[in-house]
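Per TrEMBL, the features are as follows:
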type    : residues                                               : note
BINDING : GLY121, CYS122, GLY123, SER124, GLY125, ASP144, ASN186 : S-adenosyl-L-methionine binding site
BINDING : ASN186, PRO187, PRO188, TYR189                         : substrate binding site
DOMAIN  : 5-75                                                   : domain 'Release factor glutamine methyltransferase N-terminal'
DOMAIN  : 106-194                                                : domain 'Methyltransferase small'
Amino acid sequence: MKISQILNKAVLQLKECNKPSPRLDAEVILANLLEVERLYFILHKDQDIQEDLVEEYKQLIGRRCKGEPVAYIVGHQEFMGLDFIVNKKVLIPRPDTEILVEYVVEYIKQREEDVNILDIGCGSGAIGLSIASQFPKSQVTLVDISPEALELAKENARKLNIKNGQFVLSDCFESISDKYHIIVSNPPYIPAKDIEDLQIEVSTYEPRGALDGGIDGLDFYRRIATEAKEYLLKGSLLAFEIGYNQGNAVIEILKENDYKHVKKLKDLGGNDRIVVGELKTGSKK
């Protein structure tokens, strides 16, 4: 079967399954299977694909039709220009989270010094390793409660040749003793009752522990904002990703915990996406 034929059949199947990006999904999955770039299909549309690969491709498209995210099917996802390995033990890195990384990167540049950074709930390592890649003289500590997630973050560090990351298995700060200039986190923030109403790609396939933020979705913001005060140096930064409707609530949590210069920033869709604040007091060393 020719490349053009197999792609057209896959696109039709994905359309019938009501997937929003059938052509993109079909091409990304086939490109990964054949280990080529998507441009290859334009130049080689009449190339025949061997039958065993055709059958494997059909199975992969079937998985996508059932709702499995493309990133899990192909095993990787681009974030901040870096290619991260992902699996069902971690959330898939999302473009909106890049806003959080970009803010922290600019904050570090303005300090004009090497800094210690803590990434709480690192998952695949997308946030912490993206920051570490831009500041090789700074130290980034990546923390997760999941051993599988932490191993994947380590694997991504090796793959990306990032040397300035260290990895700690910990429930938030329980195994942490150092002090930091920046603490960053994209914590679980979906209210427990809302998880089943999310897209099937999220509710069925992504790890619930990385989604569930408790009854109102704010449990981890309260905990991290409170506990971080023992681990932030004076005048340093706490930066969160938030749910689209949580900006004001998270701002209040930070203010109640004595953070200053608290503000929220929007994503490209105009939704509140991150909240940041600096600690008024803290450790001097």
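Backbone N, Cα and C define each Cβ position, glycine as well.
No curator has checked TrEMBL annotations; they are predicted automatically.
Positions of the features from TrEMBL, shown on the structure.
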residue : record                               : CB count, 10 Å
GLY121  : S-adenosyl-L-methionine binding site : 25
CYS122  : S-adenosyl-L-methionine binding site : 29
GLY123  : S-adenosyl-L-methionine binding site : 26
SER124  : S-adenosyl-L-methionine binding site : 27
GLY125  : S-adenosyl-L-methionine binding site : 32
ASP144  : S-adenosyl-L-methionine binding site : 29
ASN186  : S-adenosyl-L-methionine binding site : 26
PRO187  : substrate binding site               : 19
PRO188  : substrate binding site               : 21
TYR189  : substrate binding site               : 24
Rounded Cα-Cα span from GLY121 (S-adenosyl-L-methionine binding site) to PRO188 (substrate binding site), Å: 9
8 Å Cβ shell about GLY121, CYS122, GLY123, SER124, GLY125, ASP144, ASN186 centroid, S-adenosyl-L-methionine site members excluded: VAL90, LEU91, ASP119, ALA126, ILE127, GLY128, LEU142, ALA149, ALA153
Counts of helix, strand and coil residues, the domain 'Methyltransferase small' (106-194), according to DSSP: 32 helix, 23 strand, 34 coil
Recorded S-adenosyl-L-methionine site residues GLY121, CYS122, GLY123, SER124, GLY125, ASP144, ASN186, farthest C-alpha pair in Å: 12
Cβ-based neighbourhood (8 Å from the centroid) of the substrate site, residues ASN186, PRO187, PRO188, TYR189 excluded: GLY121, SER185, ALA210, LEU211, GLY213, PHE220, TYR221, PHE240, GLU241
Length of the line joining the Cα atoms of ASP144 (S-adenosyl-L-methionine binding site) and PRO187 (substrate binding site), in Å: 10
